[in-house]
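Comments concern the structure below.
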Amino acid sequence: LFWLSLNVWLFWKTFLLYYQGLQYYYLHQMLGLGLCVSRASASVLNLNCCLVLLPMCRVLLAFLRGSQKVASRKTRRLLDKSKTFHVTCGVTICIFSVLHVAAHLVNALNFSENYNEDFLSLNAANYRGEVSRLYLTSVLVPGLTGVIMVLVLFLMCTASTYAIRVSNYDIFWYTHNLFFVFYMLLMLHVSGGVLKYQTNLEEHPPGCFNPNKTLRENMTVPKAFEESFPDYTTEPFPEDLSVPEPFVQNNFMRICSEEPKFQSHFPETWFWISGPLCLYCVERLYRYIRSNKPVTITSVISHPSNVLEVRMIKDDFKARPGQYVILHCPRVSALESHPFTLTMCPTDTKATFGVHLKVVGDWTERFRDLLLLHSNQDTEILPIFQQRRYPK
């Protein structure tokens with residue numbers, strides 16, 4: 001509920017900021033609701049791209065769960081559901097990515113149709129009606145990186161289905177490792193600087209009246225303004241006459257002294273994802289270093305119903321009942337690894353530990369074939385005389 005409330009609050013807060021914010025007055029006039037929806041969905045994407053990595057920090061979660069400071073059973077249950085939270089964040093990223101892309105397609109069309117001839121620096125298009133380039137690239141860097149990110153996300157999403165994970169886990173694993181490409185593209189994506197905000201709100205309040213503007217002849221002056229200023233002219237102010245200070249007249253018009261100035265946002269996505277991404281990379285490095293310690297398989301037991309029991313020994317290995325180990329066998333797959341619950345834990349007198357695994361996918365099939373290469377599959381107990389150093 002807290003995660004859901006945080007997403008709703010962040011979406012609504014960002015939507016109102018771009019809908020009512022004075023610094024986005026001219027940009028909102030040009031793009032309409034597409035601006036609000038695209039930025040609100042982007043804020044939700046930032047949050048979930050930050051959170052989706054945390055459940056995959058298994059060492060950190062195991063440390064927190066085993067810590068005496070985490071005494072609440074409710075907190076421990078939440079930590080045990082880290083995979084569910086990871087999937088939920090992933091689905092949210094997919095949904096709001098579709099919304100974000102759709103909103104930016106509308107923005108691209110509005111940039112073309114609502115080309116602002118008064119404030120040229122605010123435009124993303126070069127001229128009115130420039131649809132083709134905007135739709136294909138949506139202004140170069142953001143558009144190209146966005147298209148590639150959508151393709152990567154589509155591959156990761158489709159390869160995460162239950163059917164593919166069971167039948168061919170390799171596809172799921174290798175496509176999921178494209179997350180690194182996704183995050184690198186995400187950092188480039190936010191550096192485009194297409195959407196701009198106004199910086200000089202005090203000197204140029206949004207919607208104010210600038211009498212020194214050369215385009216004033218194309219603007220209809222309100223009748224009440226003509227009655228209050230009978231000597232008003234649409235000609236520019238003489239060079240020796242100073243421009244009047246901003247003031248409110250008749251509660252509907254404010255005089256401004258300069259044109260609005262626009263500036264691109266500093267990318268906020270870096271603040272969201274840099275911390276979790278660095279944390280995950282450090283943990284992956286730690287797991288790689290720790291996995292270099294060899295494991296010796298002492299025996300393999302083949303049970304009915306395609307169940308295999310593997311007993312192993314590893315120096316300085318400690319575990320408690322209910323914990324799991326990650327098996328990684330380079331001769332089966334260079335990058336792939338799988339968690340298995342310990343069914344036999346090491347004790348003070350016996351260092352052997354073991355797992356039971358059911359042969360249901362391609363990885364377990366190749367692992368079984370490797371272990372039982374020269375044996376009869378109907379045998380009950382197969383001792384391994386030659387020590388193996390896999391899985392780690």
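Glycine is treated like the rest: Cβ placed from N, Cα and C.
Here TrEMBL flags 290-392 as domain 'FAD-binding FR-type'. Taken from TrEMBL, the feature transmembrane segment applies to 7-25, 45-64, 85-106, 134-159, 171-190.
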Overall pLDDT for the domain 'FAD-binding FR-type' (290-392), taken as the rounded mean: 76
Helix, strand and coil residues within the domain 'FAD-binding FR-type' (290-392) as assigned by DSSP: 11 helix, 35 strand, 57 coil
